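What TrEMBL says about this one:
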DOMAIN    A:20-448  domain 'DUF112'
TRANSMEM  A:20-49  transmembrane segment
TRANSMEM  A:61-82  transmembrane segment
TRANSMEM  A:109-135  transmembrane segment
TRANSMEM  A:147-163  transmembrane segment
TRANSMEM  A:170-187  transmembrane segment
TRANSMEM  A:193-216  transmembrane segment
TRANSMEM  A:316-335  transmembrane segment
TRANSMEM  A:355-379  transmembrane segment
TRANSMEM  A:391-411  transmembrane segment
TRANSMEM  A:417-437  transmembrane segment
TRANSMEM  A:444-461  transmembrane segment
TRANSMEM  A:473-497  transmembrane segment
Amino acid sequence: MNTFELLGQGLIAALQVQNLLYALIGVTLGTAVGVLPGIGPALTVALLLPVTYNLDPAGSLIMFAGIYYGGMYGGSTTSILLNTPGESASIVTALEGNKMARQGRGGPALATAAIGSFIAGLIATLGLAFVAPFVVKFALSFGPADYFALMVLAFITVSAAFGDSPLRGLTALFIGLGLGIIGIDQQTGQTRLAFGILDLLDGIEVTTLAVALFAIGETLKTAADREQVEASVMAVKGSVWMTLDDWKRSWGSWLRGTFIGFPIGAMPAGGADIASFLSYSAEKSFAKKPEEFGHGAIEGVAGPEAANNASAAGTLVPLLTLGLPTTATAAIMLAGFQQFGLQPGPLLFANNSSLVWALIASLLVANFMLLVLNLPLIGLWVKLLTIPKPWLYAGILTFATLGTLGANGAMSMGFGSMRISFELVLLLVFGVLGYLLRRFGYPIAPVVVGLILGPMAEQQLRRALSISQGDPAVLFHSPISLVLYAVAIIAVVLPIIMRMRGKGAVLGQLASDED
Amino acid sequence: MNKLLLAALVSGALSMPAFAADYTILAPAAPGGGWDQTARTMQEAFTAEGISGNVQVTNVPGAGGTIGLAQFANQDAGNPNALIVGGYVMVGAILTNMSPVTLADVTPIARLTGEAVAIVVPAASDIQTLDDLVAKLKENTGAVSWAGGSAGGVDHITAGLIAKTIGVDPTQVNYIAYSGGGEALAAILGGQVTVGISGISEFASQIEAGELRLLAVSSEERVPGVDGPTLKESGIDLAVENWRMVAAAPGITPEQKAAITADVKALATSASWQTALETKGWVDTYLDGEAFDAQLAADIAATETILKDIGLVQ
C-alpha cells in the first residue's frame, strides 16, 4: 500500500466524530497553554498522561499531538501582544511581532503568524507522511549497536550540545540515567536499587517524573518568584487583515521557514527554538529592506512562526519512526505511547499502522481547526492572559495530584494504620527536585530523556556486547553507527566553535527552559 | 483551565468502580498482554454464561506479575470473590525477583490454557533443522545467541532446559532478553541473533510468510495447523508449555474454594469460553484440584532448578 492510500485511510479514521473531538480538545488546550507564558505543551501533555490512562490510545495520542501543534500557534499571540514569549519557540517572534503591535499592526502580525503556521503545518505534516516510511525501512536494518549509537547521539544533543552550559545539561542527563537504573534489569531479571520497595520493582514511572518536574516544579518556581512582572497587553488596533503588501512579503518567508523548520525538527539536535532562530537570521539576510528589522518587519514574524510549526511536525519523524524524542514534549509523548503499551519505532508502523496513520492524518485536520480557532477567536485567547497566576497554578497542582492518584493510586505505603500513596510521595519529591533544577538553571528535558532512553540504551549496549560475546569492537562495525557517532562529535564541537566565535549569547537564549 | 477541571471530573467519573461485583479479576499485567486478555475473556464468558452477574477486571502491571500478586495477597485475603490470573512467567519472576509473596500465598484454582514455545531461525540462516542447532550449541554454546522474552521467563527457561538436556553448560547460554517475542522479532528477522525463542503465536504470521523457519515446538504434541516437529520428535526429551492459571485469595474456606472451582470449571467447559479459545488460538489445558496442585509444585521445582543452573537464582 502506498503512502497516499495509507494517508487516505488515516483521514477516514481521523474524521470520525470521536477523533475529531479529541483533536478539537487537543488544539484548544494547546492554543490556551501556548498563549499562557510559563505553561507549555510539555507540561500540559504530562498533566494529561495519567488522566488518559483509561481512554482510547489513538484518541489520546491525537489529542497530545494537537496540543503540541496548538502550543506552537498560541505562543505567537503572547509574543506579539505581550512581548513575553508564551512558548520558548516564539522568543524570536517577539522581536518583530511586538514592534508591529506597538505600531498598531498587531492584527497583520497575528494573521501572518497564524497563516504561516497553517501553511508550514500543512506542508510539514505531508512531509512527515512521506518521509516516515523511508526512515522506517532504513531503521528496520538497525542492530543493537546502531540503536546504541543513536541513543548516544540523542543524549549528547539533548544535554550537552545546545545550552549555555554542557555541564549542567550533562548533570541533568545523569540524574535521569541514574533514576533509569532503578527496577528490574531486563537482561537478568534481578532488581536494582529498589530497596525492597515493591513499587520500585518496575522502575520510576516516567509519567510521575514528568508531571512532577514540569507541573509541580514550575508551580513551586512561580510561587517562589518574588518579582511578579505585570506586562501590559497590547490591544489589537486597526484591521486584522493583511494588506496586499503584507501577503507579498510573507509568502516567501513562510516557505523558507517551513523548509528550515522541518529538517531541523527532524534532526536529533532539533527543536523549535533553533529552527525559529535560524529562520529569523535567514529572513534578515534575504530581506529587501533589512533596515526594517528591529522595527517591526513582517518577515521576522512570518518566517520563524512557520519554522516552529514545521519543526513540530519534523520532531514527530524520529519520534514515530525511531522512538527517539528530540524535545521535551516529544519525550512526554513517548511516555504517552508507552503508557498504552505501544513502542514507537519501526515496528509501530508495521503493528499499529492504522493508529499511526490516523495520528498523522489528524494532524492535517488539527491544522485546519487551529487556523479557524486562531484567526477569528484571537480576542478570546488574549483574555486568558488576565487569569491571575495563583488560580492557574492552584488548578495545575490539583490536577497533577489527582491525575497521579488516578493512574497509580495504590495506597502502598503505610505508617502504622495510615496508608499513603507511594506514587504521590514520589511526585512531591521529584517536584522539589524540579524546583531546585529550575532555581539553579539546570535544564529539565535531559532528566526525562535520560529516564526514558537510559534503560533502552543500556539494553541495546548489553545486547550488542552479548551477541558479540563481549567484544567492544562490535559497537563500531556498522557504517550506520559510525555516521551517528560522527554526527554526535560534530554536535559537541560545533557549539564550542560557535561560542569561540562569539555566538555564545545566541546559544544562551536557545537554552531557555523548554516547556 | 475550566476544561482541564472538567476533564478531571469526567475522567474521575469514568474510573469510579461499580457497586456490586460477583467476581473481581486482577490481571497482574498491563492491558493488552496475555494475562489481561485471559482476564477479559473470563469476564466476558462469566457474564455471557450467567455464572456471574457482574465481573470487574483490574490491571496491576509490573515485574512479571509479582507486584499484582503481592497486592492481591495482601488486600484481598479472605475475599471469596477475588480472583487473579497468572502463569508460568510468574513462577520464574517470583524466583528471580526474590518476591516476598509467592504462589503459596494465594489459592491456586485451575490451569486454563497453554501455549507451545517455538524455536525459529530467519529464512536465510544456515541452520536447517534442530540437529544443526544442537551441533552448533555443542561446538560453541556462547556463539549461539537466543532472542526471546523477558529474562527468567518461559522462553529463557526453555532455552536453558534445551542446553541442559543436550548436555551443554546452561550457564553458557547466550540469551538476549526483549520485553516480548514481538520486540525480539526485529532482531531475529534482521539476523542479529542466531535463534529466536518465544510463544508460537508471536511468530505464527512470519512462519507462515516464510520469513522464519520453525525448527521445533516445545509442547508434548504437535501444534495443530503448524508444520513443525516437537522437541521430543527431534530427539530432545523435553516438553515445556507456557500455561496460564487462575487463583483465588488466601485464607478462604475449603467450601469457598470448592464453589470457586465449580464456577471456573463451568466457565472452562462453556461454549463462550471454547469459542474464545478458538478465535484467540489458545490451547485448552484445563486442570484443577489435586492434579493441578501436583503439576504446579512440579513446575515450580523444575523452574527453580533450571534458574539456578542458568545462574539467575542463587
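Glycine residues also receive a Cβ, built from the backbone N, Cα and C atoms like all the rest.
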Would the transmembrane segment (A:147-163) count as touching the transmembrane segment (A:444-461), if touching means at least three Cβ pairs under 8 Å and pairs must be 6 or more apart in sequence? yes
Grab the same-chain neighbours of the transmembrane segment (A:193-216) for me: Cβ-Cβ under 8 Å, and only residues 6 or more beyond its ends, written as numbers and ranges. 42-43, 46-47, 49-50, 179-184, 328, 331-332, 335, 338-339, 396-397, 399-400, 403-404, 407-408, 410, 412-413, 422-423, 426-435, 437, 444, 447-448, 451-452, 455, 515
The answer for the transmembrane segment (A:109-135), taking Cβ pairs under 8 Å and residues 6+ beyond its ends, is 3, 6-7, 69, 72-73, 76-77, 80-81, 93, 96-97, 100-101, 236, 240-242, 246, 250, 253-255, 257-258, 261-262, 265-266, 296, 298, 301-303, 305-314, 316-318, 320-322, 349, 360, 363-364, 367-368, 370-371, 374-375, 378
How about the transmembrane segment (A:391-411) and the transmembrane segment (A:20-49): do they have 3 or more C-beta pairs under 8 A, pairs 6 or more apart in sequence? yes
When you look at the transmembrane segment (A:170-187) alongside the transmembrane segment (A:61-82), do they share 3+ Cβ pairs under 8 Å, ignoring any pair fewer than 6 residues apart in sequence? no
Ranking A:170-187, A:316-335, A:473-497 by the number of C-beta pairs under 8 Å to the transmembrane segment (A:20-49), which range is first? A:316-335
Candidate ranges A:316-335, A:355-379, A:444-461 - greatest C-beta contact count to the transmembrane segment (A:170-187) (under 8 angstroms): A:444-461
Give the mean pLDDT for the domain 'DUF112' (A:20-448) on the 0 to 100 scale. 84
